[in-house]
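One structure is given below, represented as structure tokens, and several questions about it will come after.
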Amino acid sequence: MKTSIATVSISGELPEKLAAIAKAGFDGVEIFENDFLAFDGSPADVGRMVRDHGLEITLFQPFRDFEGMPEPHRTRTFDRAERKFDIMQQLGTDLVLICSNVSPVSLGGIDRAAADFHELGERAAKRGLRVGYEALAWGRHIFDHRDAWEIVRRADHANIGLILDSFHTLSRKIDINSIRSIPKEKIFIVQLADAPLIDMDLLYWSRHFRNMPGEGDLPVVAFTSAIAETGYDGYFSLEIFNDQFRGGSAKAIAADGHRSLITLGDRVRRGPNATGLTVAAMPDRAPVKGVGFVEFSVDETDAAELVAILSTLGFHKTAQHRTKQVSVYQQGEIRLLINTERAGFANASYAVHGPSAYATALVVEDAAESMARATALGAESFSQPVGSGEVDIPAIRGVGGGVIYLLDKKSDLGRIWDIDFLTVQDDEKSPSAHLRTIDHIAQTVAYEEMLTWLLFYTAIFQTQKTPMVDIIDPAGVVRSQVIENAAGTLRITLNGAENRRTLAGHFIAETFGSGIQHLAFSTDDIFATAAALKQNGFRPLHISPNYYDDVEARFGLDPELSERLKAENILYDRDEYGEFFQLYSGTYGEGFFFEIVERRGYRGYGAANAIFRIAALKKQIRPDGMPALAKTRSRSQ
Ligand SMILES: O=C(O)c1ccc(O)c(O)c1
Ligand SMILES: [Mg+2]
């Protein structure tokens, strides 16, 4: 699979864009005319700069309003084309994109358009250039690739071909089977983009909301499979018009783009008949069987506080690392590690972020295979020295620079608790609160990072996204994106904070970056859990009594049940599959908290309740909601 990306897709000036594109691993780049026009150098300079980065110019674009023009426009349009041909020759590219005409003066008629293209083909051939025709979804006469193909077919010229762009085809829900009958040599290049499903004007949607394949809702895999089945083996080029990407980090967006293309290629390769497509072999996305542990990095003072909270939650210490200051607190299948080492990565993470849940372990079938896939997709591997005889857990860097460890049952990784840890007998243990598993891990990230991490998780692990929801914080909106697997053994909520006055924004500002803001544990009996917690001295987050009046009325609850919910500060929700109960802790540190849930068939995350618990949680951090002075922390002082 030959990979390319259009310069319009990322932010910065042309040299910065090219550097980011090359670094991300692309083979080629589409030069957008505006990027070229804004650059203070000759076309030859641009061509040289591209080639110095080891890239090829795959396309020069766009050339607008060409076909079907009446005179005198027609003559001028051909003259304009010759001028662009001059530039292309100096740039060192042989392919130009002509998008379908949107001019009100243009004339329809397939044969008129075909004749124009035939003539342009003759002129292009004299210079060894090729012209590709793309149907814009909002073209005046041509807005369907099937019609564009008919024009190309009738133009009947070797130097005239078709350009397919997933957005234009999929936004109009055009049957992709129609692609399978196009001869591969007439497809000059394929452009790819995804987009979230939003009901809006096609042009506006395309120019502002496109995103990387896999980040949106369009069937880009099916589209690409149809193309691969023709035997097409040319460039697949990302062409992403997105306001957020234009303002984002060139490096990060380019890296996401490359990851998205390789992931797409891998998915297409696994389809039935993708003959033309070759992608580096890598293991398939692994199903995640569960969360092996979550590790906190804290100092001794924080540790005492954290342990006190954990014991009110019914956790008790079950193991101690043989050589490191790492303790294991356990309940049901949940393991929480508390790391107070004064050296190593956990300590460094503490120095930057303060107390935090900086590492997560995911249990997969084969950790080495998952590691191979993750690194093939550009994930950064993580390792640190291990003691002799200790298990070296494969790991990658995740959200906010945190660590994702990969565990499996088939290797020594499955015996880590026996190999690296000593069992501890805890005599003072508080009664269990019947917590069973980690229901979900909630990670708070800056809004601009949401798509990056969505792509990261869904590309590497067998997971899918559900539609994004808006969560209302008294100080703004937080967007929440769920990533989960079908078995429910991995559930992650990514919360994107747009401003620092929201609870999520405060967390990012105060912990100096993205990370895990809350952990939700599951119980099979929320009332038994609430009773045990009370006995342990756990202080639940207080929920306003007004909430219970509303819930009772909204769901038609038995008043006896709503009274019980109110007495225990339990939030309630219901979906088409069943009921949901939520109980929260107060905040710890700069807005970290715990949640306990009981799902009676329910599949969501209680988004409707978020506004109420956020309001309650915010009362606990500084009353004015203003960030404190930046603190530097170090355990070794
Ligand atoms: O929005 C546009 O005008 C535009 C231009 C060129 C393209 O290749 C495209 O897909 C869209
Ligand atoms: Mg296009």
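A Cβ is built for glycine as well, from the same backbone N, Cα and C atoms used for every other residue.
In case it's useful when we look at the structure, here is the feature table from TrEMBL:
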| type | residues | note |
| --- | --- | --- |
| BINDING | Glu134, Asp165, Gln191, Glu239 | divalent metal cation binding site |
| BINDING | His440, His518, Glu595 | Mg(2+) binding site |
| DOMAIN | 290-409 | domain 'VOC' |
| DOMAIN | 437-586 | domain 'VOC' |
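Are these features on the surface or tucked inside, and what are their neighbours?
Summarising the environment of Gln191 (divalent metal cation binding site), the number of other Cβ atoms within 10 Å of its Cβ, over all protein chains shown, is 26. DSSP assigns Gln191 (divalent metal cation binding site) to a strand in the three-state reduction.
The C-beta environment of His518 (Mg(2+) binding site), restricted to residues of the same chain at least 6 apart in sequence and closer than 8 Å, consists of Ala442, Phe592, Phe593, Phe594, Glu595.
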Among all protein chains shown, how many Cβ atoms are found within 10 Å of the Cβ of Glu239 (divalent metal cation binding site), not counting that one?
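Other Cβ atoms within 10 Å of Glu239 (divalent metal cation binding site): 28.
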Expressed to the nearest Å, what is the distance separating Asp165 (divalent metal cation binding site) and His440 (Mg(2+) binding site) at their Cα atoms?
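Each residue's Cα considered, Asp165 (divalent metal cation binding site) and His440 (Mg(2+) binding site) end up 37 Å apart.
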Among Glu239, His440, His518, please name the binding-site residues whose Cβ is nearer than 6 Å to ligand 2.
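Cβ under 6 Å from ligand 2: Glu239.
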From the centroid of the CB atoms of His440, His518, Glu595, the recorded Mg(2+) site, which same-chain residues not already listed sit within 8 A by their CB, in sequence order?
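The answer, listed by sequence position, is Asp439, Ile441, Ala442, Thr493, Leu519, Ala520, Phe521, Phe593, Phe594, Val597.
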Looking only at the domain 'VOC' (290-409), report the model's average pLDDT.
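Result for the domain 'VOC' (290-409): average pLDDT 94.
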